[in-house]
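Taken from TrEMBL, the feature domain 'Cation-transporting P-type ATPase N-terminal' applies to 98-172. Residues or ranges marked as transmembrane segment by TrEMBL: 151-172, 184-203, 339-359, 389-415, 814-832, 838-858, 951-969, 981-1001.
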Amino acid sequence: MSPGIFHTNLACIESLLQIPNTISVQKKKWRSAFVTIYCSRALLSIYKKSVIKKCDIEIPLSFSYTVIDVKPVIGSFQIDQTSLVELLKEKNLAQLQQLGGIDGVVSALKTGAEQGISSDDEEVAARREAFGSNTYTKPPSKGFLSYVWEAFQDLTIIILMVCAALSLGFGMKVHGAKEGWIDGVSIIIAIFLVIAVSAISNFRQNRQFDKLSKVSNNIQIDVLRGGRRQKNSIFEILVGDVICLKIGDQVPADGLFLEGHSLQIDESSMTGESDHVEINHGQNPFLFSGTKVVDGYGRMVVTSVGMNTTWGQMMSQLSRDSNEQTPLQARLNKLTSSIGKVGLAVAFIVLVVLFVRYFTGTTKDENGNQEFIGGKTKFDDILNSSVEFIAAAVTIVVVAIPEGLPLAVTLTLAYSMKRMMADKAMVRKLSACETMGSATTICTDKTGTLTMNQMKVTKFWLGKESTEQLGAYSSVAPYVIELFREGIALNTTGSVYRPSFGMEYEITGSPTEKAILSWAVEDLNMDMEEITRKCSILHVEAFNSKKKRSGVLLKRKIDGSVQVHWKGAAEMILAMCSSYYDASGIIKDLDDNQKSEFQQIIQGMAASSLRCIAFAHNRVQTEEVQDSDAPKSLKEEGLVLLGLVGIKDPCRPGVKRAVEDCQYAGVNVKMITGDNVFTAKAIATECGILRPGQDIKEAIIEGEKFRNYTEEERMEKVDKICVMARSSPFDKLLMVQCLKRKGHVVGVTGDGTNDAPALKEADIGLSMGIQGTEVAKESSDIVILDDNFASVATVLKWGRCVYNNIQKFIQFQLTVNVAALVINFVAAVSAGKVPLTAVQLLWVNLIMDTLGALALATERPTKELMDKPPVGRTAPLITNIMWRNLLPQALYQISVLLILQFKGKSIFGVDEKVKDTLIFNTFVLCQVFNEFNARKLEKKNVFKGIHRNRLFMGIIAITIVLQVIMVEFLKKFADTERLSWGQWGICIGIASMSWPIGWVVKFIPVAEKPFFSYLKIKKYFH
């Protein structure tokens, strides 16, 4: 071999070995592998050539190969996303073992079961880049054009398009191409305006729904990062995060079970199976995004997020239907359809009458000559007259269809949803906006809704001595204090974290858990970490609202003894005890007399609005535990009572006023709580649910007693009950069912997983935004974002406002429709032609009603709304009060406009064109003045609070400006003539009479029985 070749190869190798320091670890590994292979081949090539040159004999060479297995590594993680997805998707225990079990996966993900991942920005970014974020790719929302197409398919629009086509064709036939197109094209322009307004409104409403869904989906999750338990948005969860799960939580991502007790998951959202699945290390450590925790608690490590989860892949295929039709919208569509049918019937009658008049020779032309003479009239003249008659009928159909009604509902609901969000209420179902206005009973929780949910331990009883009698905790036997520390530290779902020595403790958990942990840390000097190290937990019975207690079975490492600790509702724990500790640590028997004394202590604390929690303990024989590796239940009798604590949770400021407002509005408020009778009574009295001097014998009941009543007894007593104490979620459901059967419209507040059935059963489910579990929120219609009962009262007010605003608009709309329909009908039958053209009527019906809807639909709630009793679920949509208000206005408008129609020319000395313009202008201005009357259905002063509604005043101004433009500048389009100042004054004078008429008619009393019930046609007006 020549030295040149050798030196060339050597130079190549040297260049390969000069690896710059800036190259990543991954690239360095690839380069090292390449260098190894290149060197091997180069040396082998040199050797072969040198051997062949030296001798011609072929020597068989033995080759040895080194196989280098270079695995691609994602960042610095030792496992890829595909493996993790497959592991959970297949629930593959064998693959999990190959990866080194759960500990192996935790190690590969560079996280820790106790510490979680670091909060460092670089690590968070690296994990997000390697495994993705916890967000889902949703199908694209419907575009604006799809809403335009939906609007085109509306029956009203189709009828108007047919009318436009007929008007265009007949107009050009009668008046020629130069002027005959105006009416038809005007209707087409009006149709496009209707479509544009409807499409824009629906498009904006859909966008608003998307914003609300982002807020409602932004769940806060308990996460361990850097050893600290903190709240994080579900969207910020990363692979490697350690998540703390408790009852009611939604599993935020796919992952593996690390540790926990009695953890049961509802996987029905994934599998459709209603049976709960037990999660454990041995058989089923797999947790899936979107499932719910129904019992127990635990921790999990996240292995897949976002689109890599099974839930993410499923959600990406679903699109939310935002075209939910509320009951009120359905009723209004029915009403619109009914009015349209009336219009068609009237139009048909007019058409028949006009043809009969024409062919019998009654119809005269402008010169007074008979228009039809049998055998002499030309076919073209007959056709032209027929076209005019059809055009008159079409005009009547146009005026009969109230296009503004569906738009008014859409605007009202969209506006109220937006405003309710600002008032701390997030609407999840549109129908709840209007149903809430009909609510007759509200069943509310106590904790966090009526109270502030800021709990603090204010009383401590050890034996029969309180802290005031003991003086200080130093006088209590150290052994008893240690038992308290042990029972609190290990029998909890909360946690205590201290970033560093000298800094304040960070305590997490439910408000009750936080109160007890704070007391134990501050007053009992509890070191949670030390106690956790000294003991190992054998079994846990997690707290739920049915059992009202939680227990833990633990083993002390120092002596191997097994202890059981219970914590829960004081009277329930007391019933499980047969002895108690005194302050000296001496165990004393607990006979019936002693129990009676303890019950009096509990009742005394409860009467002071304190929540009473008791602690009990006992030693368990080791043999009892060894009989079963996983005991199904802990020892529940023969316990030793450790002591009692009283937790104060003050009432929310303003809650008493809110309860009084509801009661004044005819809405019954019932408190359903898990606390005992005495605490419940104290809080209910403080909040105004129970009134001073009220007979409490039937007003307060325990859940168990209510449950054990017969069906008849429950139905008889349910209305009288104001407070239900010691209730389970089943009792709450039972009460809701009873109230609904009695005809009540029921609103229910709830925050726990077990409240879901009652929230679904109620007419309006109100979940709590702060303390509410995800299960409760998903079952509810409205989420109260600040957990405050005052916000529930605000929602009630908004519900009534929605209903009231729509009734105002219906009254306004029907006045327009009735007046226009009668005027055109009478004029067409008597004179053979209509004073208001199709374009003018569309202007009144569309522009006026659209702007009217916007003005009346955006009125804010007033105190007056709470002065009336609730509207029942079967109450008519158009009430007697509305008929009283609209019929006199319609009759006045009909009378005035018919006088103008038949005597206007002689009264004012004007020609036909100016007379028709006066009729049109007066009619429109009557609606402007009547819009003020529509603001108040019952109050005589319609101007009250008008200065606060700038939108209303702005819309009135815009309407007047547009009317001036129609009359003065769009002569050909609107078929009008310019009016003088005097003529404008006459129109305004006639229209302004609407105000005194509106004031006078409100003195007329009305019957409660719906007017149309006498005529047996109420189905059209309900």
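Just so you know, glycine gets a Cβ as well, placed from its N, Cα and C.
Counting Cβ pairs under 8 Å that are 6 or more residues apart, the transmembrane segment (814-832) and the transmembrane segment (339-359) reach 3 or more and are in contact. Across the residues of the domain 'Cation-transporting P-type ATPase N-terminal' (98-172), the predicted structure has a mean pLDDT of 83.
Tertiary neighbourhood of the transmembrane segment (389-415): same-chain residues 156, 159-160, 163, 166-167, 170-171, 183, 187, 194, 197-198, 201-202, 204-205, 208, 326, 328-329, 332-333, 335-336, 339-340, 342-344, 346-348, 350-351, 354-355, 358, 430, 433-434, 802, 805-806, 809-810, 813-814, 817, 820-821, 824-825, 828, 833-834, 836-838, 841-842, 844-846, 849-850, 852-854, 856-858, selected by CB-CB distance under 8 Å and a gap of 6+ residues from either end.
Taking Cβ pairs closer than 8 Å, the transmembrane segment (951-969) reaches residues 843, 847-848, 851-852, 854-856, 858-859, 917, 920-921, 924-925, 928, 931, 935, 976, 978-979 in its own chain, all 6 or more past its ends.
The DSSP breakdown of the domain 'Cation-transporting P-type ATPase N-terminal' (98-172), given as helix, strand and coil counts, is 47 helix, 2 strand, 26 coil.
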